[in-house]
Amino acid sequence: MTKKYVVALDQGTTSSRAIIFDHDANIVSVSQREFTQIYPQAGWVEHDPMEIWASQSSTLIEVIARSGIHASEIASIGITNQRETTVIWDKQTGKPVYNAIVWQCRRSSEICEELKSQGLEAYIRDTTGLLLDPYFSGTKIKWILDNVSGVRERAERGELLFGTIDTWLVWKLTEGKVHVTDPTNASRTLLFNIHTQSWDKRILEALTIPESLLPQVKPSSAVYGKTRIAGEGGEISIAGIAGDQQSALFGQLCTEPGMAKNTYGTGCFLLMNTGEKAVKSNHGLLTTIAIGAKGEVNYALEGSVFMGGATIQWLRDELGLIRDAQDTEYFASRVESTNGVYLVPAFVGLGAPYWDPSARGALVGLTRGSNRNHIIRAALEAIAYQSRDLLDAMAKDSGVELKKLKVDGGAVANDFLMQFQADITSVEVQRPAVTETTAMGAAFLAGLAVGFWDSTSELKHRADIDKSFMPSISEEQKDELYAGWQKAVSQTING
């Protein structure tokens, strides 16, 4: 049969999805399943790797069955994933030795402090482009090796494998035949030299991590292996891998230096492509690996906010202020302002540009007149304020004053948030017609690897803009609002 489709597996922090795209990059079918969030104690976040696999494999089977497409019509599968989340498993049985430690988890803070005391902070920053923070995989691996009975001994005997979620899924899809990752995911481990594009022996020694645990690093657009899980029709090539944020950057076709996007998901992630130059940040951002127009390694500046959409989940699940995330736009629009209320959602510390794991959330400026609408509006505004923090830092590091910001992720459907983002940054915010840019990036990579598409120039017609949001408030208003935010943040950092 003719190859007519590409499948993207989008393994996120709260759900696993499978999306089928046709040759025009239109969405044909979608399947999604949520999975359990595990919070063993304050600041700890885990997932069950087997539940992730069950949810992801079932969506793949379901999306093909639901669409009526024959597996033989699928050219390839691309994978995009929550980054940094850490899985270690037995290479013979395939059984994880512990739950996956999620990117949000802060349990390895003491390990980070220990590395700082050894004087390794500058070396790690220069080599990996990352900060010494519990966010990244390296210290999570060490925590498992040091704290789960018998695991270090098994690792040193070569019995175990490590992977971020992309690696885990490829290993499962290929029935244990393939242990790989790509440069975008490798660059988030704290173990990868982004300049030589290889695992760094000095950091591995400092963390006492056996190199035998680590996957082979292959290009983001390449055939890694085949899977038989998708039903009748033979094997399907697995041909694209990218961490979720780099995948979104590629899906938005930000393949040239100076192009940037912000993804509004569980967290918020602002990335700017810097081309072949790895720009070192002096303002709390990360230097990471991105993907160029031909699938080659590019570099990017990245700012990460831990609590984006997760802040809205908190309003719903813990406070009961809303029934659905979509309700926030209605409630926020019922008041002219927050009336001085600011929410700083530092529930698991603060990410870029502050990097303070000890910061805790705060709701400030409350008066007797403060109500549900003010708090909900403050939660939405907090997402935009945190993104403004990143944008300011990026401009200082890169020397580029952004005029346009491409956006994607679930929260971009919220017109109130998008307009406030434009207002508080004085930047035009562009929402694409197809907002599934993270999955689309994985599909593009997988399709390009097998010749389903010839080049990214063939894909540029998919970059249509649904709506542009232009700044609409005065500089004075903007500065006053942002000063209030900065004051609120300072209270969470300084106690």
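Along the chain as shown, the residues are counted starting at 1.
Here the Cβ of each residue, glycine as well, is placed from N, Cα and C on the backbone.
Bear in mind that the values here come from a model prediction, so they are computed numbers and not experimental data.
Residues or ranges marked as ATP binding site in Swiss-Prot (evidence: sequence analysis): Thr13, Thr14, Ser15, Thr266, Gly309, Gln313, Gly410. Swiss-Prot lists Thr13, Arg17, Thr266, Gly309, Gly410, Asn414 with the feature ADP binding site. Under the heading sn-glycerol 3-phosphate binding site, Swiss-Prot lists Thr13, Arg83, Glu84, Tyr135, Asp244. Feature annotation from Swiss-Prot assigns glycerol binding site to Arg83, Glu84, Tyr135, Asp244, Gln245.
Non-local contacts of Thr14 (ATP binding site) by the CB criterion (under 8 A, 6+ apart in sequence, same chain) comprise Glu34, Phe35, Gln37, Thr266, Gln313. Highest Cβ count within 10 Å among the binding-site residues Arg17, Arg83: Arg83. Other Cβ atoms within 10 Å of the Cβ of Gln245 (glycerol binding site), summed over all protein chains shown, number 30. Take the mean position of the Cβ atoms of Thr13, Arg83, Glu84, Tyr135, Asp244, the recorded sn-glycerol 3-phosphate site; other residues of that chain with a Cβ within 8 Å of it are Asn81, Gln82, Thr85, Val102, Trp103, Arg188, Gly243, Gln245, Gly267. Taking each Cβ in turn and tallying the other Cβ atoms within 10 Å, the top scorer among the binding-site residues Ser15, Thr266, Asn414 is Thr266. If you compare Cα positions, Arg83 (sn-glycerol 3-phosphate binding site) sits closest to Gln245 out of the binding-site residues Ser15, Arg17, Gln245, Gly309, Gly410. Taking only the Cα positions, the spacing between Arg17 (ADP binding site) and Tyr135 (sn-glycerol 3-phosphate binding site) is 24 angstrom. One residue stands out among the binding-site residues Thr13, Gln313 for having the most other Cβ atoms within 10 Å of its Cβ: Thr13. Counted within 10 Å of its Cβ, the other Cβ atoms near Gly410 (ATP binding site) come to 18, all protein chains included. The sparsest Cβ neighbourhood within 10 Å, among the listed binding-site residues (Glu84, Asp244), is found at Glu84. Nearest to Glu84 (sn-glycerol 3-phosphate binding site) in space, judged by Cα atoms and limited to the binding-site residues Ser15, Gln245, Gly309, Gly410, is Gln245.
Ranked by CA distance from Ser15 (ATP binding site), the binding-site residues Tyr135, Asp244, Gln245, Asn414 have Asp244 at the top as the closest.
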